[in-house]
Amino acid sequence: MAQISKYKRVVLKLSGEALAGEKGFGINPVIIKSVAEQVAEVAKMDCEIAVIVGGGNIWRGKTGSDLGMDRGTADYMGMLATVMNALALQDSLEQLDCDTRVLTSIEMKQVAEPYIRRRAIRHLEKKRVVIFAAGIGNPYFSTDTTAALRAAEVEADVILMGKNNVDGVYSADPKVNKDAVKYEHLTHIQMLQEGLQVMDSTASSFCMDNNIPLTVFSIMEEGNIKRAVMGEKIGTLITK
């Protein structure tokens, strides 16, 4: 019998760095396998799951821009990096017999389906794992903003933000400030006013305007994705 989750449909946001593990660069097969196993476990429950992956383990558009590259070109390179991560995750999921589709905002029909909202929803209804890649298809927008937009479009109940270096939202960097306090609950407006670096302000404002809750948690602890889907109190919950 399938376990009952708190949410019917979720968007899982993974940073590219989370897929690199301690190496900090590239794709760590052990991490990908662990994430895939956790996602596959959730997919077997009564919960529909979409995944959005960043590309910072391969390329960061802002870094290229800071070094003098054209910002648009640098951002498009970052979008391609997210596709590489998405294909790696898809392969790992399919090795676990988990039906998966990659949908990209930039057409590349040889490797993935183009993003169409109704098609994405249909895949989710058929209990397929959907991986969104290539951001929103436009430069100057982060994958955090992609997560917020796609969550609204597919009417997800929550965005689960899996982090690799922190287990929630703190008042300051806990690695630098030993007096940093971990928040169990925040509002979107608090997050914006206090400048807490959970996601960029565009994404945060979008979540606030569209009443999309977030759960920020550590992806590095085995089983945390399932715990988040079950509604267990892990990490930090951010609501309107």
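Cβ coordinates are placed from backbone N, Cα and C, and glycine is handled just like the others.
Here is what Swiss-Prot says about this protein:
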- Lys13, Leu14, Ser15, Gly16, Gly56, Arg60, Asn164, Tyr170, Asp173: ATP binding site (BINDING)
- Gly55, Asp75, Ile136, Gly137, Asn138, Pro139, Tyr140, Phe141, Ser142, Thr143: UMP binding site (BINDING)
- 21-26: region 'Involved in allosteric activation by GTP' (REGION)
Check: Rounded to an integer, what is the Cα-Cα distance in Å between Asn164 (ATP binding site) and Ser142 (UMP binding site)?
Finding: 18
Note to self: Is it possible to list how many residues within the region 'Involved in allosteric activation by GTP' (21-26) are helical, extended or coil according to DSSP?
What the structure shows: 3 helix, 0 strand, 3 coil
Item checked: Listed in sequence order, residues with CB under 8 A of Gly55 (UMP binding site) and six or more positions away -> Gly16, Gly78, Met79, Leu80, Ala81, Thr82, Met84, Asn85, Thr143
Note to self: Are there binding-site residues among Ile136, Tyr140, Ser142 that sit within 10 Å of Lys13 (ATP binding site), Cα to Cα? If so, list them; otherwise say none.
What the structure shows: none
Next item on the list: Could you round the CA separation between Asn138 (UMP binding site) and Gly56 (ATP binding site) to a whole angstrom and send it over?
Entry: 17
Note to self: Measuring Cα to Cα, how many Å separate Gly56 (ATP binding site) from Ser142 (UMP binding site)?
What the structure shows: 11
Check: When you measure from the Cβ of Ser142 (UMP binding site), which residues in the chain that are at least 6 apart have a Cβ under 8 Å away?
Finding: Gly135, Met199, Asp200, Thr202, Ala203
Notebook entry, point to check: Out of these binding-site residues, Ser15, Asn138, Asn164, which one has the fewest other C-beta atoms within 10 Å of its own C-beta?
Noted result: Asn138
Next item on the list: Rounding to the nearest whole angstrom, report the longest C-alpha distance spanning Gly55, Asp75, Ile136, Gly137, Asn138, Pro139, Tyr140, Phe141, Ser142, Thr143, listed for UMP.
Entry: 15
